[in-house]
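Record features (TrEMBL):
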type	residues	note
DOMAIN	37-168	domain 'Exoribonuclease phosphorolytic'
DOMAIN	197-264	domain 'Exoribonuclease phosphorolytic'
Amino acid sequence: MEGRLNNMWRLTVNESKFVESALQSELRVDGRGLYDYRKLTIKFGKEYGSSQVQLGQTHVMAFVTAQLVQPYKDRPSEGSFSIFTEFSPMADPSFEPGHPGESAVELGRIIDRALRESRAVDTESLCVLAGKLVWSVRIDLHILDNGGNLVDAANVAALAALMTFRRPDCTVGGDNSQDVIIHPPEEREPLPLIIHHLPIAFTFGFFNKGSILVMDPTYVEEAVMCGRMTVTVNANGDICAIQKPGEEGVNQSVILHCLRLASSRASATTKIIRDAVGFRNPERFPF
């Protein structure tokens with residue numbers, strides 16, 4: 001998302017120095033500590049698979065849909081999922097309408113990589129007829145307001161939407177057992193996705209040539225920071241993905257520090273998501 005940083009409004013020299021000097025004193029403009037996270041709230045729409053997430057002033061909406069398609073030839077018994085992002089100029093004047101820009105593509109890639117490589121979603125359960133029909137799940141992410149750290153907010157929105165999504169139940173029959181019947185919801189209860197774990201993304205911002213580290217950078221801090229890194233882990237502490245854009249290197253000790261911070265917070269964020277989903281769908285998490 002380096003292009004995003006270059007296109008955003010420019011802080012004055014004094015404003016930039018103020019942000020950096022405050023961080024050197026382990027203070028942030030919004031009053032948080034270096035490793036404190038902004039308030040995270042999750043809401044759901046009336047339809048299956050829709051969520052709205054607010055992280056501080058950052059607001060993201062997610063929708064999940066599914067359709068039957070032919071599987072990939074190298075994975076005839078697995079369904080698939082894809083992520084599409086929309087950066088509206090209403091969320092940030094620097095976002096341009098039209099085709100997804102570099103920032104939108106990178107945002108989707110980070111979330112997709114964590115879900116796919118950690119195999120969080122059971123894609124084999126999306127198979128209806130091996131080699132012929134599988135469910136293809138699509139996640140649409142809409143940025144409603146950019147207050148900084150879009151990756152983490154969009155990641156939570158995608159997970160919450162996936163957990164509340166229900167696909168139609170279907171059966172295979174006919175004379176040759178090749179006919180697929182899709183049952184309407186009033187006939188058969190739609191089925192939830194099988195999700196093994198929740199890969200939670202945590203983004204860190206680097207300042208003062210990497211000597212200062214913060215979690216969950218705001219819009220203002222993104223205009224000043226010299227680099228960033230996103231670490232995705234689950235509640236068990238498993239590393240699902242690490243994304244470090246840019247050419248500037250990061251010391252190994254800093255990466256390990258980020259992993260420890262992310263792992264220590266993963267359980268709390270997972271609980272927030274599960275509690276919100278459990279309140280929306282008590283049958284999903286009865287505990």
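Cβ from N, Cα, C; glycine included.
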Model confidence over the domain 'Exoribonuclease phosphorolytic' (197-264) (mean pLDDT, whole number): 91
Composition by DSSP (helix, strand, coil) of residues within the domain 'Exoribonuclease phosphorolytic' (197-264): 17 helix, 24 strand, 27 coil
The domain 'Exoribonuclease phosphorolytic' (37-168), counted residue by residue under DSSP: helix, strand, coil: 34 helix, 50 strand, 48 coil
